[in-house]
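To keep things clear, I will list the structure first and then write my remarks on it.
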Amino acid sequence: MVGNDDLAARMDTSDEWIRTRTGIRTRHFVSAGMPTSLLAAEAGARALQSAGTADVDAVVLATTTPDRPCPATAPEVARRLGLTGRPAFDVSAVCTGFLYALTTAAGMIASGAAEQVLVIGAEAFSTLIDPQDRSSAVVFGDGAGAVVLRAGEPGEPGALGRIVLGSDGSLADLITVRAGGSEQPRPHPDADPADRYFSMRGREVFGHAVTRMTESARAALAHTGWQPDDVDRLVGHQANLRILHAVAEQLDIPVERLVIHLDRVGNTAAASIPLALAHAHETGELTPGARVVLAAFGGGATWGATALTWPALKSA
Ligand code: UT7
C-alpha cells in the first residue's frame, strides 16, 4: 500500500493536496515485473468462487496495461484460471473499459454464443506513469476486479439493464500515451521522452467526465423507468471524489448513496467499477435486489452507464 505521505516524500505534493483535490488516501502499485495477467487471474478466481462456478464460456478482459503489446492478455488469464480452450480477448476503453467489456459479454450471451462470461477489469497503471509527473502519479493505482455474467430472466436479482455507451475521438489527446503504438512505434530522435508515459489534461477531463457520466446515467435510468430516488447505490468510475459528488448532485441522487472506494485504491481505470462493487458488497452497502447505477468516463474519450439490480452472491 502506498500512502499520500509516501508520494510526498519523493515528489512535490502533499497529503493535504491529494486528499482535498481527489479524495484519495492510499493506492497499490504492483511490484516490478508483476504482470496485469496475474492481477486479473486473482480477481477472476475470486469472482468464479463468488458465483459458485469453476467454468465459464468466455473471458473478456478490460485493460489499458496488457502484459505485452501483442498478443492480448486474456488468453494468458484464461490459462492461469484453468480455462484454456475458452475464447478470451481484451477490450480497450481505458476507464470505461469495464462497461465496454460488460456490453461485449452481454452481447455474447444474448446471441447464444455463451451462457456465462467472466468479465475482468485489471490494470497495472503504475507501469505507464512517469513517477515524476505529480498530476498523474498521485491519482492512479493498480488493481483488478471481476464479475461473472450469466444468462437469466429480466426480472431476477442481478438483471442488467441497457448499457449506454459513447465515444469522441477528437478528445484522444486528453488522456494518452503517445509513443509505443503504430503512430510512433520506436522512439524518434526528436521525440519528447515524456511521450512514452501516460499523460492526462486533468482539468479538461474533469468537465467532460461530469457531463458524460451524468448524461449516460440519465439515459440508462430512462431505459429502466427508474426515477433518481429509486436508485439505492450510484457506483461511478472512481476517478475523483469531486467528480462523483458533482455527478450525484446533477442526477439528484443523494451523495450518501454514492459508493466510495477511491480513498483506498485511487483511480484504477478499468478495474475501478468492479473493485468498487466488490467493496460495497463486502461492507453490506449492496444487498440482493438493490437498484444500482454504474457510470464511467475515460480515455478515447469513452463513456457509458447502465442500471442493474444486485444479485444474491455466495461471498465477495
Ligand atoms: O480516469 C479517467 C478520467 N479521469 C478523470 O476523471 C480525472 C479528472 N481530473 C481530475 O481528477 C483532476 O483534474 C486532477 C486530480 C487530475 C487535478 O486536480 P485539479 O484540481 O484539476 O488540479 P489542476 O490540474 O487544475 O492543478 C491545480 C494546481 C496547479 O498549480 P497552479 O498552476 O495552480 O499553481 C498544479 O500544478 O495544483 C497543482 N498540482 C499539484 N499540487 C500538488 C497538480 N498536481 C499536484 C499535486 N500536488 N499532485
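Positions of Cβ are set from backbone N, Cα and C atoms, glycine also.
Residues or ranges marked as active site by TrEMBL: CYS95 (among others). Within 10 Å of the Cβ of CYS95 (active site) there are 33 other Cβ atoms, across all protein chains.
Positions annotated as active site by TrEMBL: HIS237 (among others). On its own chain, HIS237 (active site) has CYS95, THR96, ALA209, MET213, ASN267, SER272, ILE273, ALA295, ALA296, PHE297, GLY298 as residues at least 6 apart in sequence with a Cβ closer than 8 Å to its own Cβ.
Secondary structure at ASN267 (active site), as computed by DSSP, is strand. The feature active site is assigned by TrEMBL to ASN267 (among others).
According to TrEMBL, the domain 'Beta-ketoacyl-[acyl-carrier-protein] synthase III N-terminal' annotation covers 89-169.
A mean pLDDT of 97 is what the model gives for the domain 'Beta-ketoacyl-[acyl-carrier-protein] synthase III C-terminal' (221-310). Residues annotated as domain 'Beta-ketoacyl-[acyl-carrier-protein] synthase III C-terminal' in TrEMBL: 221-310.
Counting only same-chain residues 6+ beyond the ends of the region 'ACP-binding' (238-242), those with a CB under 8 A from a CB of the stretch are 21-24, 95, 139, 206, 209, 260-263, 265-268, 272-273, 275-276, 297. Annotation source TrEMBL lists region 'ACP-binding' at 238-242.
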Summary of DSSP states over the domain 'Beta-ketoacyl-[acyl-carrier-protein] synthase III N-terminal' (89-169), given as helix, strand and coil counts: 26 helix, 25 strand, 30 coil
Cβ atoms near ASN267 (active site) (within 10 Å, other residues, all chains): 26
